[in-house]
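Positions annotated as transmembrane segment by TrEMBL: 6-24, 45-63, 69-91, 98-118, 138-156, 163-182, 202-222, 234-254, 260-283.
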Amino acid sequence: QTQLLGVLLAAASNFLISISLNIQKCAHRRLVCQAEQKPYYTSKLWWCGIALLGLGEVGNFTAYGFAPIALVAPLGCVSVIGSAFISVFFLKKTMRTADILGGTLTITGIYLLVTFAPSAPQELTAQQVQNYLVSWPFLVYSILEIITFCILLYFYKRKAVKHIVVLLMMVALLASLTVIAVKAVSSMMALSVKGEMQLTYSVFYIMIVLMATSCAFQIKFLNQAMHLYEARAVVPINFVFFTTSATISGVIFYREFQSAALLSVFMFLFGCLLSFLGVIIIARNKKEEHLQIPFIDCGHIPGQKLTGKIQPDSHSSCYGTLNKEDDSVKRQS
């Protein structure tokens, strides 16, 4: 019953997240189409999406206290399938046969993931979390993750590489730390409510800081990806990266598959393969969105032919104006 509650919470939370991501995309579209460009954080619609995202993350936070990471993380497929259907109404997209096929494969994979997920103990004490933090598998994993993140951040900052894979890989690396911290904080809070006080340990507050910091940077990079790419492309790819990263962190940090049978591990991996195949089918043939910027008809501007068109240069200081060197225009003006 405890794991079932965690599954239901995770499914509902990820559906809210899919709604929030599409709302944020709508907000970005509206801002781009406005004559006066404003930052995205001035949009009430964008903040509405952020509020739903926060509510969904709170639900996910609670779910990690009732179920293993390997069980909760794959339920991000709800946001994948939800986004595919919601975008039809929010962003006026067309439902494709590939979306239905991909959704079917994803649901089948998630069924296998939930069925063969490990049954690891969910109530973790502060002492157990401290022991996990200083274990050599996690230390090696942390060093490799930090090196990879620094390389990606270098390309993002110095080389201005904002490819969707780069952005979402950074989100996934941060997410692995987030799920570790969320699982620890949620478990220690649950034990404290039951009377076994865990809030006096310093590791509890260390995990809270880690959770808040990693979440903040996740939102930054995920919002950047949503601004540059279609929601129906970002959400599936983010699901693949997040599920992989979260599952690996659960295996290394919490040792969730330590006592699992070989058949269970194989079926779990097969469920992952089906889920990933499903989201790849949903995300295929996605194209980066290009907003249509109308040409300015210069037929009524002195000195220009009726067939003349000017395409404004958004990078120019004289955006939407004629060249100052045009003497004939100056004289007739």
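A Cβ is built for glycine as well, from the same backbone N, Cα and C atoms used for every other residue.
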For this session: Taking the transmembrane segment (260-283) as the first stretch and the transmembrane segment (98-118) as the second, find out whether 3 or more Cβ pairs fall under 8 Å, excluding pairs closer than 6 in sequence.
Result: yes
Problem set entry | Criterion met for the transmembrane segment (6-24) and the transmembrane segment (163-182) (at least three Cβ pairs under 8 Å) | no
Problem set entry | Segment-segment contact (the transmembrane segment (138-156); the transmembrane segment (98-118)) at 3 or more Cβ pairs under 8 Å | no
Exercise. With pairs closer than 6 in sequence left out, are the transmembrane segment (45-63) and the transmembrane segment (234-254) joined by 3 or more CB pairs under 8 Å?
Worked result: no
Exercise. Where else in the chain does the transmembrane segment (98-118) make close Cβ contacts, counting only residues six or more beyond its ends and a cut-off under 8 Å?
Worked result: 7, 67-68, 70-71, 74-75, 77, 80-81, 84-85, 236, 256-257, 259-260, 263-265, 267-268, 270-285
